[in-house]
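The annotation transmembrane segment is assigned in TrEMBL to 22-43, 49-70, 82-102, 108-129. Under the heading domain 'Inner membrane component', TrEMBL lists 23-74, 88-138.
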Amino acid sequence: MTPPAYADRAVARTGHAEPVRLILNVLWLIFGSGLLLAIGYGIAALICFALIVTIPFGVAALRLAGYALWPFGRTVVTRPSAGVASGIANVLWVVIAGWWLALSHIVAGAALCVTIIGIPFGIANFKLVPAAFWPLGRQIVDLDQAAPIG
């Protein structure tokens, strides 16, 4: 008897993708510049913490450092409760740290896309660019928790 067409989607959501995500995340951490980018986020966070007024930006940088260390199986979604203040703060973020963090993701992504093996890691870097450039008002969630589009 043939299983129903929706059975494949149900199996994909039950955790069979977890070993693949784990392997990709470990390879990303070692070869995909995840550690270097997380260090960049950590430096940005330390600068923001030192300036005291920018502590919320430091918290955002640390949150993104965790995402840069372990990006597969997670995504960035817009936080519905984000208001105008987060938009104004994002403009300050771009001036303080966002532009060079986003640029580092673009450079690393382009370098990784040179080889076929590096393409998934390059795409992961490109996925991090909007979050690095405009992080406030966004939330990092597991793919299982992300709301479906459409």
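Cβ coordinates are placed from backbone N, Cα and C, and glycine is handled just like the others.
TrEMBL labels come from automatic prediction, so no person has curated them.
It should be emphasised that the depicted structure is a prediction, and the values quoted were computed from it without experimental measurement.
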Under 8 Å Cβ-Cβ from the transmembrane segment (49-70), and at least six residues away from its ends along the same chain, one finds 25, 28-29, 34-35, 37-38, 40-42, 76, 89, 92-93, 96-97, 101, 128, 131-132, 135-136, 140
Taking DSSP helix as H, G and I and strand as E and B, the domain 'Inner membrane component' (88-138) has 40 helix, 1 strand, 10 coil
